[in-house]
Amino acid sequence: MQILNARFALRATATNLHAWCSPRSRTATTDSKTIDYKPIRSVLVANRGEIAIRVFRACTELGIRSVAIYSEQDRLQMHRQKADESYIVGKGLPPVEAYLSIPEIIRVAKENDVDAVHPGYGLLSERSDFADAVLKAGLRFIGPSPKVVQQMGDKVAARAAAIEAKVPIVAGTDGPITTKEEALEFCKQHGLPVIFKAAFGGGGRGMRVVREMSEVASSFERASSEALGAFGNGSMFIERFIERPRHIEVQLLGDKAGNVVHLYERDCSVQRRHQKVVEIAPAPRLDPETRKRMTDCAVHLARHVGYENAGTVEFLLDDKGNFYFIEVNARLQVEHTITEEVTGIDLVQSQIRVAEGMTLPEMGLTQDKIKAEGFAIQCRVTTEDPANNFQPSTGRIEVFRSGEGMGIRLDSASTYAGAIISPYYDSLLVKVISHAQDLAASAAKMNRALREFRIRGVKTNIPFLLNVLENQKFLNGAVDTYFIDENPQLFMFKASQNRAQKILNYLGQVLVNGPATPLATNIPPSDVKPYIPPVPLAVKPPKGFKEILTEGGPEAFAKAVRQNKGLLLMDTTFRDAHQSLLATRVRTHDLLAVAPYVAHNLHNLYSLENWGGATFDVALRFLHECPWERLEDMRRMIPNVPFQMLLRGANAVGYTNYPDNVVFEFCDMAVKAGMDIFRVFDSLNYLPNLILGMEAAGKAGGVVEAAISYTGDVSDPNKKKYDLKYYLNLADELVKAGTHVLGIKDMAGLLKPQAAEMLISAIRAKHPAVPIHVHTHDTSGAGVAAMLACARAGADVVDAAVDSMSGLTSQPSLGALVASLQGTPLDTDIPLQTVSEYSAYWEQARTLYGPFECTATMKSGNADVYLNEIPGGQYTNLQFQAFSLGLGSQFEEVKKAYREANLLLGDIIKVTPSSKVVGDFAQFMVQNKLTASEITARAEELSFPKSVVEFFQGAIGIPYGGFPEPLRSKILKDMPRIEGRPGQELPPLDFTKLKQELQENYPGVTDQDVMSAAMYPQVANDFFRIRDKYGPVKHLDTKTFLVGPTVGETIEVKIERGKTLDIKTLAISDEMTAAGEREVFFELNGQLRSVFIRDDQASKEMKIHPKAVKGDKNQVGAPMPGTVLTIKVKEGDKVDKGQPIAVLSAMKMEMIVQAPRAGTIVSVAITNGQKLEGDDLICTIE
């Protein structure tokens, strides 16, 4: 109540002051006429948005009651709330027509005791019939007389008036034209180029420049259609087009006594599609004499036509100083603000006072008193996407934060979080005005203010405006109307990260629809925050083998490893351990948390295995992380320990064959991102595949660790296929091929202690200078004993996992090996206490991954691995698969079938991808209750898994001893077979072309993204889509990432150094919107935020228009929200690329939707008149 009383007291004071300054009975007499003064008590603004609010504010300052009108679609808009009163108009009419309904507006004014009507700009502001209707209703029109509005609004009459007033003009039509035939006739007579302009409106609507005769008819029709939609009349005016002009407009103000003054000029040359984007006052670098002639012409023209109130005369200025009359805008201009800033004159208040009957001298506005101080710039912030051809962006503003401060003015309307930007009206969101003593300072203020803006939920043109403001030509004031067209760099944008809002959308998605990555067990992630032992981050970590590698290269590194006295260890905790125990699901968040501890306390490791293999695929597919970013982040935090990855020979980190150039480029990129050692293997020990990987890793500058995949048992004389001679021959070939380190990859944990001693001793005897590195799994429980045997037999390095991540199908215990060798010549020189602290972290961190915990199904190791030979990394995955297929109770049968499948395939080496072939075969046998003999007997009639068929075709290479016959022939029949190395016949991949294809949907893709797409095309595309939608979810803690936050919980998300988000989940709405969405509420850094998330389950029962799937080239989506005007195709039509499919209309702009490719229309998902949202499916092409 106190606030209301204060407001009315302020109003009363303003009214009294206004009346005191201009007594109600005053009559002003001029040389020609007597002008009565009559105060205005109330003003209705026949407009919407920011201009309506601008007028309301002027009214409030003058103590005048303000009245708003609004359409049904604008019932939630801010302008109706800023007025003292507001009334709906045009109920039942379309959105724009409601504001064009003159009888409705007059009715509201008469019914609500309104004195005067202000038209704003656009809509009815230049309609003389509206001004006339206002006056005939006994109201005052705050603007020129109807006669002048009609004369100036009619571009032909305005030209005639300019000619009479001796103002320079350009050649044009004598009157409005309405047909394309008339347009063609003018163009043939006067030549090209020409410009089409709407005869009854401005603002760039219905404006087209035509330079080719073949485009005259279509351009006329399109321009006329736009003019009809914007102004209710499609008549056009044509004039010759002046090349390279500046667009200068002079602001005028006239009174009823015939006085006219100018308020200097504005430079509006920065235009796009003939619509002003950035305006400057006064015009920089304008010759003073030219300025005087131009302003004199403008004032003379206004006096000639008897102009009163505010208006603008627009000119084109060529590079020789000649200027030509364009038109008169008989209204207030959008950019009037910058004139107000440099002159200090309130144009809207001046308009009202002139309408009341005050003269300019009485208001102190004589030409000698009007000065322009400094420079002002106005930027129109619009809801348009500059990266997508400035298509309108509609929807809900999720976040709004403005830029403010000294020298900044904001004129806006719906600028708040929660505001809805509709497709029905102009896209202007906020006008930002800066003012300073010179142009450069004004531009600096504007730049700073725009950078402070945070607008989320809709796209804006702010990135484009910033590019304009930083352009040197603009800063020098040397711009013309070609400025935007000739500076393509203005359209090079750095995409807004919008990380906070995207993360909120991810959290909302998980809260509404459940986990975004499939969970394998019912064990929930724990609430624990793992304790990380402190490390002195200000101190550089101790030097390790990485320094030797960096300084001396791979050869020096291998020599240092061989000369090392104790046993070296590779820690697999960062990769193979969690692949074996936790389905490869450990996230970068938890790896980086303990990375500093590793760098400072485990610096003497041979290496840290942390990349490649399954981690690449899983990071993209399930963790929604970029594997390249993971590698770079780890390298930054662990600079002193060599990194090691698993390279599947010619298969790189995939499950298929790639062109050779892909493998070479992959290795090169990996080294540049931080990789050091490449453990290169082939799933069949097929030398051509293996050697290709070695060559690729070596050429990239990496350490080549060629690995022999181990199977069988060299200590068992009855197992003759993979005997000691076989492995020694392989070792000879790999050493001859130039390997720096020789690896033994015992992927199933089959290397018994006795066999280990035999194998390593024999290799060491033959190759005394080559370091030997042994990898195993602890499935049987004999892993520690086997690795100790290897060490004593001459191995330089063995693999181990930290204690809490060891055992079962993982690697042997790091702590057990360290303790076993303490005080011996093979002492690892790693303190057991360090291992204990490291293990304590992972013991807690492991509980975060309960949904993937292998102990849900596997309670202990099992020595039957010596029978079934299932690799450790596959064992738990196979078990999970068996449970998911309903075969959990039959897992023992699956293991037996695995052994039988392996023998059917010829007793092959089993490691990804060959192990997958055996696993698929085994599950196929169990599901179909088939024995080995039945497989052999019925092979010709059975439909085998794809991986099995491709194996027999030779897709992953040739197994040692060849393919088993006649099974191969029975399965393949007449299918093609691959002879030799599978990838050698593949043509090189065109990375440039692939990048261009990806950029069509994801403009910001990097070369690393392109490589991810080369490895896993569909998986990578899905990842890019999720990354675009949800942002850097890798920064979320693991529990939140997997199952989302709980209501009332506050989480902390560090998105980069010095930037932390505090997110509190507040509530989830029980009600759904018409689009099937639920609103989820958060508090972000103390500010209320909300997101709308479609409820996938509940919305299945609702009729919701389908969306085009991003990246699917067969689906055509709506490029912008809008209404379907015309459908150009039907089902079955054949279309060419670029052929029109449909025409949409939004924000008074028409958009032709073109076919992105040639093909046949399979389905059309839209109807004429239908309202579409962005990306709504229009049609499908095949």
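Note that the numbers count up from 1, one per residue, in the order the chain is shown.
Using the three backbone atoms N, Cα and C, a Cβ is placed for every residue, glycine included.
The domain 'Biotin carboxylation' annotation in TrEMBL covers 39-489. Annotated domain 'ATP-grasp' per TrEMBL: 161-356, in sequence order. Summarising the annotation, TrEMBL assigns active site to R331. Taken from TrEMBL, the feature domain 'Pyruvate carboxyltransferase' applies to 567-836. Taken from TrEMBL, the feature substrate binding site applies to R648, T912. TrEMBL lists K745 with the feature N6-carboxylysine. The N6-biotinyllysine annotation in TrEMBL covers K1148.
Around the Cβ of the residue listed as 'N6-carboxylysine', a 10 Å sphere holds 26 further Cβ atoms from the protein chains shown.
Cβ-based neighbour count (10 Å, all protein chains) for T912 (substrate binding site) stands at 24. In the structure shown, the C-beta of R331 has more C-beta neighbours within 10 angstroms than that of any other entry among the recorded positions R331, R648. Across the structure, R331 (active site) and T912 (substrate binding site) place their CA atoms 74 angstrom apart. On the backbone, the CA of K745 (N6-carboxylysine) and the CA of R648 (substrate binding site) stand 12 Å apart. Mean predicted confidence for the domain 'Biotin carboxylation' (39-489): the pLDDT average there is 92.
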